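Now, the feature entries from Swiss-Prot:
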type	residues	note
DOMAIN	6-185	domain 'Guanylate kinase-like'
BINDING	Gly13, Pro14, Ser15, Gly16, Val17, Gly18, Lys19, Gly20	ATP binding site
Amino acid sequence: MKNERGLLIVMSGPSGVGKGTVRKALFSQPDINLHYSVSVTTRKPREGEVEGVDYFFRTREQFEQMIRENKLLEWAEYVGNYYGTPIDYVEKTLAEGKDVFLEIEVQGAMKVRRAFPEALFIFLAPPSLTELEKRIMGRGTESKELIENRLRAAKEELEMMDEYDYVVENDEVELACERIKAIVIAEHCRRERVAERYKRMLGVE
């Protein structure tokens, strides 16, 4: 039994952990009933990334205008690029009783936590630091300096794990997806969420 308002699910984790890979695999499954909120970024598209599907790619000037116009639920600057979440889609979809899935950076997740304390926060973790370094270096699209910056930032982000509700280890993509699906199902059965609907049915404040 679902709440009338949708559940906001926020997944984040360090650079190189495989957030995009897990999200794409999750949304390719036929039984998934989540609505993905596409983020905005000023970084260059990577090979295979599609405008409006993976990200909305914008210039710094365009992004900063969105900040000034309060069009972002959260935004952060990470390794020299802006990342943010358009607010209109999130609010509209939640109000329709649909679950919204955000795949965002750790800095941004902490801002969403302050705005939506009732949201579900999942930290995607690597099986080891060695594996994380291998994944970041294996992209082959970034300079040595940028790789070092990402590694440094990733280690700092791992220390933020305590701020999340659940931790999912991304040792295998399919297993990570199954864990996330199980967490979402369990969260919808949480007493606090279910009780609110019954209180409304019974006319109890």
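Counting begins at 1 with the first residue displayed.
Note: Cβ is positioned from N, Cα and C throughout, glycine not excepted.
What Swiss-Prot annotates, mapped onto the structure for a quick look.
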residue : record           : CB count, 10 Å
Gly13   : ATP binding site : 29
Pro14   : ATP binding site : 28
Ser15   : ATP binding site : 23
Gly16   : ATP binding site : 21
Val17   : ATP binding site : 26
Gly18   : ATP binding site : 20
Lys19   : ATP binding site : 18
Gly20   : ATP binding site : 14
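Mean predicted confidence for the domain 'Guanylate kinase-like' (6-185): the pLDDT average there is 91. Within 8 A of the CB centroid of the ATP site residues Gly13, Pro14, Ser15, Gly16, Val17, Gly18, Lys19, Gly20, the other residues of that chain are Leu124, Pro126, Leu132, Arg135, Ala154, Asn170.
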